Structure formats: C-alpha cells, structure tokens
C-alpha cells in the first residue's frame, strides 16, 4: 500500500509540474502571441487559412455555434461513409467489411462528439484506413473543437462590451497545429520506443508454444491513434481491450505516460484560465476543488480494490486482481480508472465490470458529476465554469446580493444557459437508462443479473450521456436500440451544453465589468472551494442517488451474503 501511495503522489506532482508550463504556452496560443514553434508553424498556419478561405473576423455566438455544428456534421457524414464503405477502400489487408448502418451511425456520433464509445472491437471490425483516416482525424478535430469553445467562453469573461467571441476556424486550426499535433508527435514517438505498434503490415500468423497452434497477431498504426486518444480525452482504443492490451500499453512506464496524457491538457487548461483572467488564484481555486474530488476518488477506488475483494484462506494476494493486468496491479489500475472517468476519456487498462462494487461506483459517479473533475479537453472546464456560476448564484441568494463572477454580473439569461450546461447530461442519462431497462434487447445484452446487471446498463448510459465512452464490458452494446439511442444521446450531450456555453460567453462579453466591493463573494478562497465542491457533489447526488442505490450500492450490500 505504501508503494501505491508513493506512486499516486509522484503522479500528481509530475502532472502539475508538466501542466504549468503547458498552460502558459496554451494561453499564448489562445491570444495569438508568438511561441517557440511560431517560426516553423506560422507559414503553415497562413497557408492553411488561405487554403480554407478563412478570415480572422470575430464571430457572434450564433455564427460560432453554426460553424461548430456544420463542421461536426461534415465530419459525421465522412466518418459514417468511411465505416460503411471500408470494404471498397484501401489499407484493408484483412478484408474488413463495411459496418452496419446502426453501428456506423453510433461510431460516427461517438467520435464526432469526443465520446469514443465503441460497440465493436477495432482489430476485428475496422481497416487501417478507417482507424487512421476516419477515427484518428476525428480524435484531433473533436478535441480541438472543445478547446476552441473554451477559448470563446474565456473571452466572454475577459472581454468587455464586445459582440463577438473569437473566430472558430482560427481557434480550431491553432489548437490543432500548435497544441495537439506537437504533443501527439512526442507521445507517439515515446510509445513506439516502448513497443507500441505502428505498422501498416498485414496481421502476423505465429506458431504458439502450446501444441504448435497458429495464432493471428493484430497489428496496425496504433501509436499515432493512442497518442491523440489520450491527449484529446477521446479514449477509443485501436484494439478491443484498449489500454489493457500489450500492443497499446506494454509496461508500467507507458501506463504512467498514458495516464499523464489523459489529464495533462485538462489540468493545463485550468492554469491557462488563471493566466487569461489575470488572476492565477482563480485558477488555483478551481484546480484545488478538482484535485480534492479526484484524490478522494482515487483513494476510494484503491482501498476498495485492495481490501474489499474476495479473500481466500492461505492465499496471499495483492488485492482484487480480477480483470486487471499483473503489470499494472491494483495501484496502476485504480489510478487509471479514476483518471479516465474524471477526464471524460474512457480508455481503460482494466475491466471496470470486474471492479468491486464500490470500486465501480467511483468511476460511475465521476461521470455523473458532469465530467467536470478535470473533464474533457475544453468541455470539462466550461462545464465547471457553469457550476461556479451556479455556486455564486446560490451564495448570492443567501446574502441577498446580485451574484457576480470575475467582475461580470450573473443575470437570469446566464442562469438559463447554465441550467442547460448542467442538467442536460443527467436528464439524458436517466431517461436513456429508464427506457433501456424496459427494452428486451437491452435486457438480453446484460451478462449479470440483479443489482450488477442494472449497474451495467446504468454505467453504459451514464458513459454515453456524459461523453465518456468507457463501459462495463459485460454489457453487449452492438444492438440496434443501443446504437441508435446511444448515438442521439452522445450528440445531444455534446452539442446542447456546447451551444449553451457559447451563448453564455457572448452574453458575458457584452457586459462591462463591475468593481469588486466589500460585499463581493471571493471566488478564490477556501470557503468558496468548499462551496463549489458541495454544489458539484450535491447536484450529482440528488440526480443519481436513487439509481446508484439500485445499482452499485445494492451490489455492495449483496457481498455480505
């Protein structure tokens, strides 16, 4: 246990050390300031703008939102076409056939919405062309879209009496060129150096040591996709077993760098926020609130997996190892599970369905909080800003003052947008779960009975309704109902809060700042951090406690039989 504590502490310290300079760098990218890569990338940037016919004129929230939706719609159609027609496309050495309409629809919606829910196994269903040209490209642009929208939201708070919130095409291109591509290149090279595959060769047939049996070894351009799947909080694995598969995550070192990659940009964006609003204490307050909830979750999962699993007389074990890789152990698996669900990533290095009841409850609850404990790149922080405004509003009601945040007064219109930001994901999750449990096809998809069977359904629709993408593997997802309903849920959960955030940003940008007074609520001290954590957890608890009581909580009490 001491080793696990030291490992987790080292991870958090290293994460913060890396995130601070990256956050400062991203702030310079956001405001268009020159960075050390400018000499190399500026000509590429100018050429890209000319090629796309992009002007640098600012956009209103409506125009920004239309641009996001149109760009995402084109990506959706392109990915769906690639998946259904992959049998006729190149880079298909294994002769993979096109996906069914419902599965292609679900997969396209999943990757366009930055969810990466996978109702298929990559090595058995997709060609190299589909993986690299279809899905990997969407991993980049869906992540860049989230960060671009966050840029617009931040401008809403730092600009005064403006009618625009930036230019989507410029934000999208700069994020991709200056942030995602360089980081992905570095991470991909690191992964390849450690044995992660990157090849367009045919699958290999090898003779095993047991009876000389033949085994097919899948290959592919995995490292390049894994790099952006982690950095962009996408999470979709090149192989079906995701980061539990040795070709994706072969060692403890790759496990460390993949976990760092999951949280690096979300944490750095908080640093960037503090720099952008010219008050680093604001960023530190948000970081502290997120980190407290995250650390509590890591501790809860680790203790549950280390001590709450089955014990057998005379057998010395290092915790519950069912569904876990020996090379990662309880510590590496628990930290990964917390990171991937706190950050809206969804990649897994252990099977979450095999976690103990309380060990599975924490990742589920992280998602149900709205993916704001770091959350997805961009979307996590603008979701947390929604909770901050809600907290300020509640505190203002308690003392009878007009609430304000960063010098901007909070008005009824702002609260309407915040409600859309906060309430859409839980409504989709609970509605989807309620409908699903009544469907015979979903009932047949569940591998377990009783409380754990309900947990499998609840986890699946929580994951899709909050754009995470992880799953309890006992849930058979490739059915027409789950594919179609899940796709609609993922798209709504992504784009309704996104559009609400843009309109919130424009309304804020049009206001002038008000001077802080002695009665202004401080949003950077310990009291506010406690209030913010309380509001985030309370909204999650009120929304999901009845469902959790029927699922993982009831599952926990069945272990005492």
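Backbone N, Cα and C atoms are what each Cβ position is placed from, and that goes for glycine too.
Going by Swiss-Prot, these are the annotated features:
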| type | residues | note |
| --- | --- | --- |
| TRANSMEM | 4-24 | transmembrane segment |
| TRANSMEM | 65-85 | transmembrane segment |
| TRANSMEM | 133-153 | transmembrane segment |
| TRANSMEM | 177-197 | transmembrane segment |
| TRANSMEM | 253-273 | transmembrane segment |
| TRANSMEM | 285-305 | transmembrane segment |
| TRANSMEM | 380-400 | transmembrane segment |
| TRANSMEM | 417-437 | transmembrane segment |
| TRANSMEM | 484-504 | transmembrane segment |
| TRANSMEM | 528-548 | transmembrane segment |
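For the transmembrane segment (528-548), the most Cβ-contacting stretch among 65-85, 133-153, 253-273, 285-305, 484-504 is 285-305 (pairs under 8 Å). Sequence-remote contacts of a segment are chain residues at least 6 beyond its ends whose Cβ falls under 8 Å from one of its Cβ atoms, and for the transmembrane segment (417-437) they are 368, 370-371, 382-383, 386-387, 389-390, 393, 443, 454, 457-458, 460-462, 464-467, 481-482, 485-486, 489, 492-493, 496-497, 500-501, 503-504, 507, 539-540, 543-544, 547. Counting Cβ pairs under 8 Å to the transmembrane segment (285-305), the top-ranked stretch among 4-24, 65-85, 177-197, 484-504 is 4-24. Counted over residue pairs separated by six or more positions, the transmembrane segment (4-24) shares fewer than 3 Cβ pairs under 8 angstroms with the transmembrane segment (133-153), which leaves the two as not touching. Most Cβ pairs under 8 A with the transmembrane segment (484-504) among the ranges 133-153, 177-197, 253-273 are made by 133-153. Same-chain residues lying 6 or more positions outside the transmembrane segment (253-273) and placing a CB less than 8 Å from one of its CB atoms are 11, 14-16, 18-20, 22-24, 26-27, 30, 143, 147, 150, 154, 179, 183, 187, 190-191, 194-196, 226-227, 230-233, 243, 282-283, 286-287, 290, 327-328, 332, 335-336, 339-340, 342-343, 345, 347, 349, 374-378, 380-381.
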